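When I checked TrEMBL for this same protein, it listed these features:
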{"type": "ACT_SITE", "residues": "35", "note": "active site, proton donor"}
{"type": "BINDING", "residues": "120", "note": "substrate binding site"}
{"type": "DOMAIN", "residues": "4-280", "note": "domain 'NADP-dependent oxidoreductase'"}
{"type": "SITE", "residues": "64", "note": "site 'Lowers pKa of active site Tyr'"}
């Protein structure tokens, strides 16, 4: 449950952080082609297998299908790019990163001469069928989605001839955005919620909603943390784990990578869980407003 998304970290940062995370005890790694570091992540995993720390089957790697690869004929080549970068034979989970397709091509973020994003017609069911073929070919163990709302999930679940249903939906989830309705819907359909930004987010106004107050400064989380000799971050992570949400905290600090793993030696009471649930403000840190005019932008719907 370690998210290695980075766009601006120095070379070998992901390599060293993933090796440390494996030593600490992490086994679930969340990556993506557009993080531009899958070669480092793969090297770290292979080195820790070679030195006997783990076996390949101990590691759970999640890769992602980017928006420019939604046409069915591009799905398998995109997954094969990830496998080539990782130098692994398969990934454990491969997910559709966003339900919004962009114009296929060499640019991951295609724009026209006016700086406007160039979208592509999205047929989520056709994309899904191509993913099912990848699973049947043994390139991936399980399939999932990310940032899908209920309508988009139902589109896949109700697809005629569905062979492999999505096992997970990766969405923003934390005490200020608890996703109760989506969580309940996914539970009914045996879809695991994987929560990104589980301890909040950076305060980078270029892509983060800074109107949402800093989660880790919340008085309730801080006070509960004091009771257990834990930080507000550890309390926020424990909260989601106890309600059955998989958490993928992101950090490139060795101290915090270790710190974020130390959430299994305490439990929150029912009253504390309810109190934290009541912090929900229904405000996203990650709104992706730059794509809000896409026909499949997922966040216009209630859930």
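Every residue gets a Cβ built from N, Cα and C, even glycine.
What you are looking at is a predicted structure, and each value in this text was computed from that prediction instead of being measured.
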Among the recorded positions 64, 120, point out the residue whose Cβ has the most other Cβ atoms within 10 Å, with all shown protein chains included in the count.
64
Do me a favour and check the Cα-Cα span between residue 35 (active site, proton donor) and the residue listed as 'substrate binding site'; whole Å is fine.
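Residue 35 (active site, proton donor) to the residue listed as 'substrate binding site', Cα-Cα distance: 22 Å.
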How many Å separate the Cα atoms of the residue listed as 'substrate binding site' and residue 64 (site 'Lowers pKa of active site Tyr')?
18
Around the residue listed as 'active site, proton donor', how many other CB atoms lie within 10 A of its CB?
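Step by step: centre on the Cβ of the residue listed as 'active site, proton donor', count other Cβ atoms within 10 Å, giving 19.
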Taking all residues of the domain 'NADP-dependent oxidoreductase' (4-280) together, what is their mean pLDDT?
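Mean model confidence (pLDDT) across the domain 'NADP-dependent oxidoreductase' (4-280) is 95.
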